[in-house]
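S.K.: Mind having a look at this structure? Questions to follow.
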Amino acid sequence: MLVKKISPRGYCYGVVDAMKLAQQAALNDNLPRPIHILGMIVHNAHVTREFERMGVLTVDGPDRLEALETIKEGTVIFTAHGISPAVYARAAEKKLTVVDATCPDVTRTHDLIRSVVADDYEVIYVGKHGHPEPEGAVGVAPEHVHLIEKVEDIEALPAHLADKKIIVTNQTTMSQWDVQALMEHVRKKYPHVEVHNEICNATQVRQEAVAEQAGDCDLVIVVGDPRSNNSNRLAQVSFDIAATPAHRIGDLTELDLSWLDGVNQVGVTSGASTPTPITKKVIDFLQQYDPADISTHDKTPFLELRRILPKVKIL
C-alpha cells in the first residue's frame, strides 16, 4: 500500500523534555521515594506504563489538587500540561519534593495571565473542559479567567466583562482554526478585546502539515492516545480542512483493516506525545500491506516494542 508519511509529526520539544526530566528523576537515587507523576506525564498510555515499569507511578483524579491528596510523601512530578499555584502551594505544605516538567509554552501563557490580571484585565481562555492544561491556566487567577470551549460559552460569560479590559488567549494544543473562529466570536461581543493567540509552534506546524499534505490521500491514520488533545485535533483537521477521512489509533492493535478497503494511498501522522517507535510500527505494517495478500494482514510481527522513551543522561 502507498503510505504518505506526513511531516512534521510526532514528539515536540516540550514532550521530550518532560519525559527526560521524569526519567532523570527515576534514575536519581538522591530524590525521596516514592516518586509519583501527578497525572499522565504526557497523554500516552504506553509512556505511562513505561514509567510504571521504572517504578514511577501515575496518580490521577477529577483535578490535580484532589489527586495530589493521595500522595503522602516523596517526590511529585508535575506534567507538561502545567499546574495551578494552588497545587504548588499544597505540595509545599505536604513537604513533597517537586520536579516541574511544565512545557515552556504553557509557562509563557501562565506568565501572560499573571501579568494582565495584575493590570486589572479579565481573561477569556479558549480550551477544552476537563483537560489539565486549562485547569492549570484557569488556576492562575480563578476569579478572572473564564474558560470557553464553544460559542454558547461566550454567550454565558458574566455581564460585567463588557465594562472591563479583556484579553482572549487559548490552550496551546487546540485546533488553530477552531481557536480563530471562537476568537472572532469573542471579538464581535467585545470589540475592545485584545487577542493573544498561544497555539504552540509544534501544534501549528503539525496541523498545517495535515491540512496541506492529506488532500491527496484516501485516508489518514493519526497515531495518538485518546486523551491526547493534539492527536484528536489532527484527525479533526484532516476531516474539516483537508476533507480526508481520518481515524485516530493508540497503536497498531487498534487499526481496523476494513478501513483500508478501497484505499490506494494512506497518510500517517502522529500526535506530539506519541512515541516514534509506535508510529514506525504502523507505517511499517501499512507499507507491506496488500489487500489481496492475506499473508500481509498479520500485525503480530509488528507489535513488539523495545525502548519507547527518549535517551537521557544520568544526572
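One is the number of the first residue shown, and numbering goes on along the chain from there.
Glycine too: its Cβ is placed from the backbone N, Cα and C atoms.
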S.K.: Swiss-Prot records His43, His81, Ser228, Asn230, Ser273 as dimethylallyl diphosphate-binding residues. Which of His129, His131, His144, His146 is assigned to the same site?
M.R.: His131
S.K.: Compute the C-alpha separation of Cys12 ([4Fe-4S] cluster binding site) from His43 (isopentenyl diphosphate binding site), stating it in Å without decimals.
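M.R.: Their Cα atoms are separated by 13 Å.
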S.K.: For Thr172 ((2E)-4-hydroxy-3-methylbut-2-enyl diphosphate binding site), just count the other CB atoms lying within 10 A of its CB, please.
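M.R.: Summing over all protein chains shown, Thr172 ((2E)-4-hydroxy-3-methylbut-2-enyl diphosphate binding site) has 30 other Cβ atoms within 10 Å.
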S.K.: Which of the binding-site residues His43, His81, Thr172, Asn230 has its Cα nearest to the Cα of Cys103 ([4Fe-4S] cluster binding site)?
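M.R.: Minimum Cα distance from Cys103 ([4Fe-4S] cluster binding site) across His43, His81, Thr172, Asn230 lands on His81.
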S.K.: What are the sequence-distant neighbours of Ser228 (isopentenyl diphosphate binding site), meaning same chain, six or more residues apart, C-beta distance under 8 angstroms?
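M.R.: In sequence order, the residues whose Cβ lies under 8 Å from that of Ser228 (isopentenyl diphosphate binding site) (at least 6 apart) are Val42, His43, Asn44, Gly271, Ala272, Ser273, Thr274.
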S.K.: Cα distance, Glu133 (active site, proton donor) to Cys200 ([4Fe-4S] cluster binding site), nearest Å?
M.R.: 13
